[in-house]
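Peer 1: Sharing a structure, written as structure tokens. Questions coming.
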Amino acid sequence: QPPSSVQTSQLILFGCKVILAFCWVYIRKFQSRQESEVVSTITAICALAVALISSALLPVDIFPVSFMKYPDGTYKVRQIEDTVLYGYYTLYSIILFCVFLWIPFVYFYYEERDDDNVNKCSVRMQLSSPHGAVACSDLMLREFKFYLGDSSRLTNMAFVPLEAPPGQNSTQWEKVQYLFEELGSSHGLPALSFSISTLTLIGMLAVITYTAYGMSVLPLNLIKGTRSVAYERLENTEDIDDVEHQIEKLKSKCIDGRPLSSRDRHNLQELEGKLQVLQRRGRHLEVAERNCCTKVGSALRPFKIILGVFFILVALLFTVALFISNLDKALHSAGIRSGFIIFGTNLTNPLNELLLALQPVFPLDYILITVITMYFVLTSMAGIRNMGIWFFWIRLYKIRPKRTRPQALLFLCMILLLIVLHTSYMIYSLAPQYVMYGSQKYLSPTTGPASGNATSGTTRICDADAPEDQCTVTRSYLFLHKFWFFSTIYYFGNWAFIGAFLVGLAVSCCRGKKSVIEGEVEADDSDLSDDEYVH
């Protein structure tokens, strides 16, 4: 039986506590101990929690839509509460606030702290909040004006405010007040959807870059494991002996008092730097060999292999399901101008069929959709952790255990917020029929002579061909398909995602095993940073 409202509230509260605990552990694991800062830490934990809670909202959205009808297609209730819709509005508004205002402010605030300009930063802190709010308000107002100026082209997807926007001579407060009035009267909802869809495009790029790579690197790292600590220590000792021999050979040239040439001095500096890195690496390997976690990891090696094989099979299942869904849209959709919307299911989608088959046994289908959502988030985190944060071909930050700068953590959380926005469309592409209608069924009238029974007919699973008054779509679907041109871009983004996954899979297969201290020692680290590990 489905849980009661009290049990549902308790489950949601417990889930939020688990998410907050996970976020705290995750951020503290990667956070640099020397550069930790309270404001950036709290911001990163809260932003990551918002991302995870937003991703967990999709199963909560599907449940009330499915619960409103009996398995025979008759209604239990005709209307559903707007609690889930309000949840989307709240979380998406928080995401907008974090991406546009709070995370950038904390990022630049910490940058100013690095320059020891605390007073200047405090002034900027006082000035940035109202200006950031005005910037967001101007963005929304520009969308209103866009709808007003081009309402003839967008009559099926946009809106026209009941009152004209404030004029050029109006104050900033009047513009902000107008924005909240429009949002409160439901005329601003398409503007919110437009803003979220715009950010979702950026999230699509992050999904193609990080999630696609994470889906391949995470399972293959589990399957291949790490190199032997003893073998790495032996290899590192041999490298140290070789570098020390080269240094002695260079220094022997100036025994008689002759100065070294500029080329030899440059080579000597490089060798001394390399020797320092190797010595730090040896200290870290020594600690890793004594660490009990390394021994436990070796004992759990068979379970890691099984988990890695499971993850790679799930990744391949997702790729096949996404390919079939995109192929179905390419062959049977209403065209590019409709956002490649399809009416009914023409090709068998294995993931969609699996979710529909699990519907009779509550709550297996909701558990599976939750696992799928969390899988996308975890693989995205794995992709960011392995690749680092890049701006085109420039690497901005590395994500390393106990060595990640606060700015990098803020970037990581912002990217995850954007990825979560696009995850809903990805899951819709994997299982379109289930995400759109859940487990709803409807009565299709039978052909032939009337049977005299008003409820007679054939029970069918709800799809796009079903009558509008017989099936209710989920709230996430309404957000995803408010504007057809965004859906069109997402469609081509799915093809790019498939290609990126295949490339990442090939790259991950060609790479060897990772070091047991992967990411702990880099050439640009200082010797003081060893204190975080060794002492």
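Just so it is clear, glycine is given a Cβ too, placed from its N, Cα and C backbone atoms.
Unlike curated records, TrEMBL annotations are generated automatically.
Pulled these features from TrEMBL for this protein:
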TRANSMEM  6-27  transmembrane segment
TRANSMEM  39-66  transmembrane segment
TRANSMEM  86-110  transmembrane segment
TRANSMEM  191-213  transmembrane segment
COILED    233-288  coiled coil
TRANSMEM  305-323  transmembrane segment
TRANSMEM  367-396  transmembrane segment
TRANSMEM  408-428  transmembrane segment
TRANSMEM  483-507  transmembrane segment
Peer 1: Counting Cβ pairs under 8 Å that sit 6 or more residues apart, are there three or more between the transmembrane segment (305-323) and the transmembrane segment (483-507)?
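Peer 2: Answer yes, regions in contact.
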Peer 1: Residues of the same chain, at least six outside the transmembrane segment (483-507), with any C-beta under 8 angstroms of its C-beta?
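Peer 2: Contacts with the transmembrane segment (483-507): 157-158, 193-194, 197, 200-201, 204, 207-209, 211-213, 215-217, 220, 315, 319, 322-323, 325-326, 329, 336-341, 422, 425-426, 429.
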Peer 1: For the transmembrane segment (39-66), what are the same-chain contacts with Cβ under 8 Å, counting residues 6+ beyond its ends?
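Peer 2: Distant Cβ neighbours of the transmembrane segment (39-66) are 2, 12, 15-16, 19-20, 22-24, 26-27, 31, 80-81, 83-84, 87-88, 91-92, 94-95, 98, 102-103, 106-107, 109-110, 359, 366, 369-370, 373-374, 376-377, 406-407, 409-410, 412-414, 416-417, 419-421, 423-424, 427, 434-435, 437-440, 472-476.
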Peer 1: Looking only at the coiled coil (233-288), report the model's average pLDDT.
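Peer 2: In the predicted model, the coiled coil (233-288) has a mean pLDDT of 84.
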